[in-house]
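Trainee: Quick one: the structure is below, questions incoming.
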Amino acid sequence: MAVREAAASRWLRRFLWLLLLLWGCVSPADFLIVEMEGKNQTVLLNDNVTISCKVPGSTPLDTNIMGIIWYLKHQANETEHEVFVMYADIQKAFRPGASVSPAGLEKGDVSLHLPGVQLRDAGEYRCNVVVTPEEAQETVFLKVLASPECTLFPEQAMVKDDGDKYILCKAYLFYPEDITITWHTWTQKNPQGQEISAVITTGPAIKNEDGTFNITSRVRLEHNVTTYQCVISHISLPTPYRLNFTQFRRGSEMGNAWWTINILNIAGYIAIPVAAAAIIGLIYCYKKRYYSQLFSPISNTSRKPPFGRHDPVPQEETKELELGALTAVRS
């Protein structure tokens, strides 16, 4: 019994060695494989993306016996459909703009290029390569993100809200829906700043027609706070987005800050044209008086001595001056 077991063991070892030898005699190029850069890839909305898929090896591929099919499976409904198909020299794109570079095919680069990525392009992509008679495939998940556009501005509350002032922080057109908005304040007593939550109201995210979202958060202004900061965190942002608002008036002046600025602006707009009109009027009156005196009739009794002369003017000289003045007026 022991002899038979030993013989069987020796036979099994020889069989395994034979398999190893046969495996070593087969070239790795005889087995088709494809490689992708990771299992997940991220792209921003409206950007271009290239989903990598390559056949490793130094041997050029024969594109005449080669076929490529790219599939997309949507995460929402788990349906899969073709995105791009190529057999030999025949290519067809089922998604507008989808392409595979012909220059890279012989080198084994069958990466898929998608221009202007939209939210509907997100999902699991499957790269299927056939080099007769071999076939290989790999998958990667494409995630599409949209970075929020952020604004910060004051809001004048209605009378029913007791005239309170608020700062609005709005984030637009972001995707996915998950987003975090926090508020920080700085005061003269606490220059290091702190996060607040007591006077904050943040509404729900509102979905837009294109699938992106909007959200609004507001904080009520306090008399002792000098600076407010809205901090927006989203998966599409490498660092949180920060927006600051500084109050330049405190106490009783704070409530009238915006109205004071508007009144000063309006007063400036009115004062400038009024002052200009007054100056023009003064110049006009001065010139009118000057020319009326220059061309008024001259008499012996009312004529003033010219150029400061106070000595009596001879009668002959007076007649000559009168004739000269009348001649100037007529001309």
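Cβ atoms are placed via backbone N, Cα and C, with glycine included.
Relevant sequence annotations retrieved from TrEMBL are reproduced here:
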SIGNAL    1-28  signal peptide
DOMAIN    28-141  domain 'Ig-like'
DOMAIN    148-246  domain 'Ig-like'
TRANSMEM  266-286  transmembrane segment
Trainee: Can you break down the domain 'Ig-like' (148-246) into helix, strand and coil residue counts using DSSP?
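Mentor: Here the numbers are 3 helix, 55 strand, 41 coil.
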Trainee: Suppose you look only at the domain 'Ig-like' (148-246); what would the mean pLDDT be?
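Mentor: Taking every residue in the domain 'Ig-like' (148-246) and averaging pLDDT yields 87.
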Trainee: What does DSSP give as the helix, strand and coil breakdown of the domain 'Ig-like' (28-141)?
Mentor: 13 helix, 52 strand, 49 coil
